[in-house]
Structure formats: structure tokens, C-alpha cells
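The structure under discussion appears below in the form of C-alpha cells.
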Ligand SMILES: *[C@@H]1O[C@H](CO)[C@@H](O)[C@H](O)[C@H]1NC(C)=O
Ligand SMILES: *[C@@H]1O[C@H](CO)[C@@H](O)[C@H](O)[C@H]1NC(C)=O
Ligand SMILES: *[C@@H]1O[C@H](CO)[C@@H](O)[C@H](O)[C@H]1NC(C)=O
Ligand SMILES: *[C@@H]1O[C@H](CO)[C@@H](O)[C@H](O)[C@H]1NC(C)=O
């Protein structure tokens with residue numbers, strides 16, 4: 001084995017190289033940095049702006065306490081009247097109310113379509129017929145029970161009076177005799193009784209209703225005056241044998257509990273228990289589920305006192321006679337001071353915006369990873385010795401670092417602009433939540449990146465996901481979150497999707513912040529995690545577990561993908577492969593059988609040399625042993641042999657040139673040698689290490705100049721070389737020196753070219769940089785795939801000098817289409833046609849072997865063509881015309897038949913007879929050899 005100048009780079013050296021490269025890359029990538037930073041700033045500012053706007057709107061005169069918008073003036077602005085205590089229900093919430101109003105106590109009456117009637121699922125005959133629903137005249141029912149039926153029924157009769165006339169001078173007093181009720185729902189606060197401000201009817205509940213009964217009540221409440229229409233509803237009381245029966249009946253009539261959606265609701269039910277003349281004992285059923293909109297508080301409590309009063313009155317009348325009464329005139333709220341109306345709008349909108357802000361990191365990581373994959377930079381780095389371990393560790397840590405900085409800026413900025421979302425919730429919980437989530441997101445990006453090979457696709461999908469995440473979360477998922485009846489189990493299932501768990505976390509934060517702001521308390525604290533309704537704990541657990549799972553999966557898939565297989569392959573098949581040794585054997589035999597018949601002596605000799613070398617195991621730089629690559633046939637096409645049984649040995653210090661027409665398999669060969677694809681059979685050894693198994697070791701001592709330049713568009717030439725130099729374990733002064741020499745040698749040093757971005761380089765400059773990269777760090781084996789394509793002549797000769805100097809102590813395999821280059825650089829050449837070598841040898845040998853003729857060219861007027869031909873035939877009877885066009889003719893003259901002096905004489909003679917415009921005699925060039933070999937080989941292949 002050849003001695004190594006530097007050992008392979010250690011883990012930390014590789015990590016350091018990659019880290020520095022990543023930082024430089026980040027620094028350079030100004031556009032995406034700006035985008036990254038600006039999104040949270042813009043969204044935060046937008047929130048602040050919206051919050052201010054909301055605050056301003058809330059502060060508009062008609063929202064302000066004591067003012068009211070009474071109409072629009074000509075300009076469409078509000079004409080306001082101020083100086084009143086409060087003007088409507090909305091204002092009542094926040095305005096000071098020093099002397100609350102008095103309201104008649106009301107009963108909660110079921111809506112007329114829901115009132116209890118006879119149905120097939122409740123078997124009581126005493127309920128009214130459901131025909132009443134059509135006319136809307138269904139009575140409102142109360143249910144009674146108790147130990148003494150006689151007493152109970154008699155009290156029932158007293159519940160609702162037949163009504164007495166209203167004394168308009170003292171309405172409240174009269175109403176104490178006439179129970180009022182409403183179908184409306186109560187509000188949070190009861191400064192204003194909602195019944196008088198809704199367009200629903202207010203009922204007078206009577207034991208009998210005369211048809212067309214209505215009357216109108218003029219009500220004065222402070223500055224508010226209402227003319228209230230009152231209708232009649234019949235109050236029905238029905239006896240039940242026990243409280244069980246009542247429970248059963250109520251349960252069956254309940255809106256949600258009833259599958260047939262037939263609903264039987266009642267006003268209230270009374271159980272008089274053991275009441276008798278000596279004592280009054282009663283329990284009352286009332287419906288506490290009447291709600292205001294989405295809030296979960298039971299609101300009907302304010303309608304309960306009247307039903308208690310009714311029962312007490314009934315008992316007293318039973319005891320003392322019909323005139324006995326406990327008068328219940330009004331209810332009123334406690335006085336209260338003004339509270340500032342504020343709505344933490346930012347916290348409510350926050351989850352959507354913040355979901356966008358945080359998930360924005362996902363495409364960033366994804367794109368960076370896919371970019372390195374698409375540009376084949378990952379494999380390029382690997383080929384120059386970057387191990388998978390350092391790559392993973394540094395890439396992961398690096399993106400985590402970027403994400404952490406990003407989140408830190410985000411939280412600090414949000415706090416600075418005063419968003420309650422950040423200020424009120426415990427920073428420690430926020431930290432844990434963000435930390436786990438960015439890890440989860442990153443490992444997900446690593447996993448997903450394995451399935452993309454195109455940056456554009458990744459970008460589009462990545463950003464669509466960001467937007468969809470936010471929108472789906474806040475318009476679908478939030479809806480489920482707020483729906484109490486939606487199963488918590490399903491919520492957890494939905495949270496398995498990371499976008500939803502992120503949103504859930506933000507949602508909880510925002511709920512706590514909103515509440516904290518509203519009530520003037522703290523947001524979420526650690527102790528709140530144990531709160532059953534707080535989803536934060538489950539979210540944290542889910543995310544933590546997913547993070548670990550994705551990380552493992554991502555690594556696994558990456559390993560499979562980087563070993564050249566399809567990441568999904570384990571899903572559809574696990575092909576059994578023969579073990580390497582048995583495979584080698586069988587193919588060896590098969591191979592020799594095939595090639596023995598048609599192999600040329602030089603190829604066979606090379607094969608023998610390889611076999612000897614393999615046995616003696618003397619160190620050659622590169623040994624290919626019957627290397628073969630077969631692409632399986634697709635869509636009914638036969639298998640394609642890209643490389644068939646190639647044997648080749650290269651000592652140190654040799655440059656081997658591979659010539660061949662396009663599609664001959666040269667690049668496939670190089671790709672096998674550099675580990676991009678696995679050989680189908682056979683193997684090769686570089687520095688004594690097997691390409692099938694020791695690729696990682698080979699990489700540390702190998703240089704590659706791929707056919708297409710694999711460069712980071714925004715890194716400079718110098719940065720490329722520094723990075724690859726570090727990967728090759730160059731350090732300190734050595735590194736700087738190597739990089740400078742390298743830059744000078746490929747003519748990229750002067751004029752600041754070295755510090756220009758590679759994306760701005762011309763094609764030739766990129767090419768030269770690629771060559772410089774392949775040579776940095778003194779690799780022992782270098783592969784160059786058409787290194788000089790697209791170079792101008794002067795850069796090309798520069799490049800040749802570089803390669804010539806470089807080949808002294810290393811083996812170089814290069815493919816080229818330029819014969820000049822091959823002749824100039826290579827010690828040996830092989831012509832490769834249809835996957836196998838046709839000949840091998842140094843350029844002179846080849847020319848001698850294949851080109852045993854001169855090429856004679858002469859241009860005359862077309863009249864003299866025949867004479868020229870005669871002349872040539874005289875010189876050499878076996879001459880062969882290979883080209884003929886309007887007076888210009890080319891002949892091949894076998895060398896053994898002609899002497900050059902004869903040719904000159906013949907031409908002199910000819911000149912005296914007719915005009916010769918031009919003539920020439922040339923030895924065969926390599927080009928002629930190439931064409932000849934390629935043609936014969938292809939012709940042979942067509943024949944066979
Ligand atoms: C039931 O109530 C009635 C009327 O109040 C009373 O006369 C009767 O004694 C009571 N019956 C029992 C068993 O207490
Ligand atoms: C209630 O009790 C009375 C008298 O005991 C009985 O006639 C009636 O069937 C009972 N009602 C039900 C629904 O059980
Ligand atoms: C109680 O009120 C709720 C909400 O309005 C309604 O869905 C339910 O059916 C009512 N239940 C009864 C027994 O009236
Ligand atoms: C009222 O009824 C309850 C339930 O049946 C009973 O526990 C309680 O002793 C009764 N109270 C009186 C004063 O009878």
C-alpha cells in the first residue's frame with residue numbers, strides 16, 4: 001500500500017470543515033436570510049397593527065361608555081349622543097353601573113316547537129296533542145311529584161293564576177301576580193334583561209289563555225324605555241308517580257339525547273317530597289344548559305328564582321287560602337365599576353400566524369438538504385472523504401442552531417413589541433415547546449428530504465405545506481378543538497400530524513394569554529399542565545416521541561439511499577443476492593468464456609496482468625477485476641450492458657486515458673469507481689481497497705472531477721478549496737498554501753477571481769475549479785471525467801500542465817473526447833466501445849498498430865481528378881480513396897508500399913501537368929485510429 005502523506009481527516013476535522021462551510025454558505029445566502037428574518041418580524045408587526053386597530057375600534061364613541069350612535073349624518077359618520085350611563089348590552093359589559101336596574105323576574109320558557117307534547121317515545125297520555133305545534137299554541141309544561149299526591153296536585157293548581165289585570169301605575173307589583181317568561185337566552189351579565197331586547201315574545205304564563213290575548217307594557221328602565229308586547233302561554237302541570245319517572249321523561253326529551261330529534265322540553269319540575277302542612281320541602285329541576293353562544297357557562301340561573309317563588313306561593317295558597325302571596329317584584333345585578341374593554345386580538349389570531357412563522361423553517365431545511373442532493377454535492381463531499389457521521393451530526397446541529405437563533409429572535413421580538421402571547425406565558429414552557437418542535441420539524445425535514453431529488457419540487461411542496469398547515473389548523477382543527485362534543489381521542493390522533501400539534505400548542509398558549517389578559521392574571525404556568533383541559537402536556541409528549549422516531553427513520557432512510565438503493569426498496573422487495581465470493585467466482589468463469597473468443601491480444605494481456613497482480617497483491621494504484629455493469633431491461637427492452645468485464649491495472653504515476661464514443665460506458669465506469677453506482681459483478685481495488693466494501697476508506701484518498709461541475713453556486717472558489725482541503729485533513733499554513741498553489745495552478749488566483757461566487761464563473765472557470773478540487777489534498781487516485789470540455793485553448797494548456805505535474809505521484813484516470821489531450825497527457829490509452837475495451841496501449845503503439853498508412857490529400861480542379869487517382873495508383877497499388885469531394889481527394893497509402901521521396905517526386909511531376917491547388921501527406925493521427933477502432937468494433941457488434 002502506498003504511504004499516505006496525511007492520514008484521513010478525523011471526525012472533528014470533518015465536522016469543523018462542514019461547519020465552516022455551512023456558516024459561510026449561510027452568510028452568503030443573503031436572500032433567504034432576509035426572507036427568514038423578515039417573516040416573523042412582518043407577522044409580529046402585523047399582529048401589533050391589528051391589535052392597535054382593534055383597540056381603536058373598541059374605543060369608538062358608540063363602544064365608549066355613555067355614548068351612543070343614534071344615526072348617520074350626511075358624511076356617513078356617526079352622530080353620537082353622550083351622557084347616558086350605558087346604552088346597550090354590549091356597553092353594559094364594560095361600563096360602570098352604579099345603580100343597576102330592576103327587572104321583573106322571568107321564567108325560562110321552552111321554544112314553542114320544543115315544548116313537551118305526546119310522542120311515541122314518552123308514554124304519557126296527559127301531554128298535549130302535537131297538533132298544537134302547527135298553530136304554535138302548545139302549552140308549557142311543569143311536572144310534579146311527591147309523597148302526597150293530593151297535596152301535590154292541589155299545589156299544582158295554584159302554580160299559575162288565571163291572571164289578574166295589570167295596574168299600570170305599579171307595573172312591577174302587578175307582575176308579581178302574573179308570572180312572565182321568555183324563550184330568549186340570558187347573557188353573561190344581566191344589567192339589561194335580554195328578554196326585553198330580543199325580538200322574541202315575552203309570555204305571561206296563565207292557567208288558561210283566551211284567544212288573541214296580548215297586552216302591551218310600557219316599561220321604563222332608567223334612561224331606557226321599552227314598549228313590550230306580552231302574549232299568553234298556557235301553563236300545564238302534570239303529576240308523575242315518582243322522581244324516577246320525571247328523570248326518565250326529561251332525559252328522553254332532551255335535544256341531544258334524543259336520536260329521533262323529537263324534543264320535549266318543560267319549564268321546570270318539582271318534587272314536593274314529604275311536604276305536608278307542617279313543612280315545605282321541595283327540589284326543583286331546571287335546565288342549566290341554556291347557553292349563550294359558544295361560552296360554556298350555564299346562564300339560566302337568573303331565571304330560576306321565579307320558579308322557586310311560584311312553588312312557594314302555591315304552597316302558601318294551599319295552606320292559607322288563595323290571597324296569600326309572597327311577592328317577588330324584581331331582580332337586579334350588583335353595582336359595578338367600569339372595566340376597560342380590551343380584547344387580546346393578537347392572542348386569538350396568534351396561533352395561525354405563529355404556525356406560519358415556525359413552520360417556515362421546514363422548507364428552509366428541506367431545500368438546503370435537497371439542494372445538496374440535487375447538485376450531487378452530498379455525494380461530492382462524500383467522495384472527498386466526508387463521512388456520514390460528521391455529515392449528520394453537523395448538518396443536524398447546524399440547522400438546529402439556525403432554528404434556535406430564529407426562534408429566539410422571534411420570541412424576543414414578539415415580547416418587545418408587547419404581544420401578550422409571549423409576555424404572559426411562562427418562558428420556560430415556551431422554551432421547551434419550541435425546542436422540541438424545531439427538533440421534530442428538523443428530523444421530519446431530514447426524513448422527507450430523502451424522497452425529493454429536485455429543489456423546485458421541494459420548494460413548492462414545502463411552502464404549500466406551510467400555508468396549508470396554518471389554514472387547515474385554524475379553520476378545521478381549531479373548530480374541532482372548540483367543539484366540546486368532539487372526541488378527545490380523535491384530537492390526539494390528529495395531533496400526530498406535526499402541524500396540528502404545533503397549532504395545538506400555540507392555541508393553548510393563546511387561550512391562557514387571552515384569559516390572563518382578560519382577567520389580569522398570568523398565562524400558562526407549569527402547574528397548568530396538569531389541568532385536564534390543557535392539551536399542552538399531551539402535545540409535548542407526542543412531539544417528543546415523534547422527534548425520536550423521525551430522527552431514527554431519517555437516518556435509516558438516508559443510509560439506505562446513500563448506499564445507492566431506492567429508499568422505498570425495503571417495502572416492495574428484498575432480493576436475495578449471492579454472496580460476493582461465490583458471485584465473483586461464477587462470473588469469472590462465465591466472463592472468460594465469453595471473452596476468450598473475441599479478445600484482442602493487448603486486452604488479454606492486460607487481463608492476465610490483473611490476475612497476476614491480484615494473486616501477488618503488489619500495490620498498484622487501481623486494479624479493476626472484470627468489472628461489469630448491467631442495467632436491467634425496462635419495458636420489454638433487453639438488458640443493457642454498460643460495462644462488460646473490464647480488467648485494468650494502473651500503477652502509481654500513470655495517467656490512463658479512456659477514449660470512446662458517446663454512450664460507450666466511460667461515465668458508468670467512472671461512476672462505479674467513485675462509488676456512485678455499484679458494479680453488477682466483478683470489483684475494483686483502489687490503493688488495495690475494494691470498491692464494494694471499503695468505499696469510505698477509498699474516499700479519504702481519492703479525488704474526483706465529475707463530468708458536470710458540482711459546486712455551490714454562492715460559495716467562492718477559494719471557499720470550495722478550503723472546504724475540500726479541510727476534508728482532506730489539511731490544516732493551518734499547509735491548507736492556505738495548498739489552496740493558493742492550487743488556485744494559481746488553475747489560473748484562478750489573479751484578479752480576485754478566487755473570491756468571486758462560483759455561480760458567476762464562466763464554464764471554463766468552473767471546470768478549472770473542479771479540477772483543482774479533485775487534486776487538492778494530494779489524493780493518490782484521481783478520476784477526471786472530461787476535464788477540459790468547454791475550455792479555451794490557453795486555459796486548456798494550463799490545465800494540462802496542472803494534470804501533468806499532478807500525475808507524477810498518483811494514478812489518474814481520465815476520459816476525454818479530445819485526442820490531442822489524450823496524446824498530450826496520457827501514458828496509456830484505452831479505446832472503449834460498447835462497454836468493453838477494444839485496445840489498450842500507449843499512443844505511439846496504438847498509432848503504429850492501427851495506423852500503418854499515410855494519408856495523402858490533393859486538391860485540383862475536378863477535371864483532373866482522374867489523373868490524380870492514376871498517379872496515386874502508380875505510387876501504391878493498394879491505395880484506398882477515403883474521401884472525395886469536388887476536386888479534393890484523400891487516399892490511404894499503406895506505409896510499406898510507398899516511400900515519401902517518391903510521393904514528392906510524383907507531386908512535382910503532376911504540378912507540371914496540371915494546376916494543383918493544395919496537397920499534403922500526413923502520418924495517421926490518433927483520431928484516425930480512434931475512428932477506425934470504433935467503426936470496426938461497432939460493425940463487429942452489429943454483425944454478432
Ligand atoms: C295529603 O295531603 C292532604 C291535603 O294537604 C291531607 O289532607 C292528607 O292527610 C295528606 N295525606 C297523608 C297521607 O299525609
Ligand atoms: C301512577 O300511580 C297510579 C296509582 O297508583 C297508577 O294508577 C298509575 O298507573 C301509575 N302511573 C304509572 C305511569 O306508573
Ligand atoms: C335544556 O337546554 C338545552 C339547550 O338549550 C337543550 O338542548 C335541552 O334540550 C334542554 N333540555 C330540556 C330537558 O329541556
Ligand atoms: C326534605 O327531603 C329530603 C329528601 O327526601 C329529606 O332528606 C329531608 O329530611 C327532608 N326535610 C324535611 C324537613 O323533612
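Placement of Cβ uses the backbone N, Cα and C atoms for every residue, glycine included.
Between the listed ranges 17-35, 36-54, TrEMBL ties the annotation transmembrane segment to 36-54. Nonlocal intrachain contacts for the transmembrane segment (431-453), taken as residues 6+ away from its ends with a CB within less than 8 angstroms of a stretch CB, comprise 358-359, 361-362, 365-366, 369-370, 373-374, 395-396, 399-400, 403-404, 407, 411, 461, 498, 501-502, 505, 509, 536, 539-540, 543-544, 546-547, 550-551, 553-555, 557-558, 561, 567. Within the same chain, the transmembrane segment (391-419) packs against the transmembrane segment (36-54): three or more Cβ pairs sit under 8 Å, each pair at least 6 residues apart. Over the domain 'ABC transporter' (622-859) the predicted model carries a mean pLDDT of 84.
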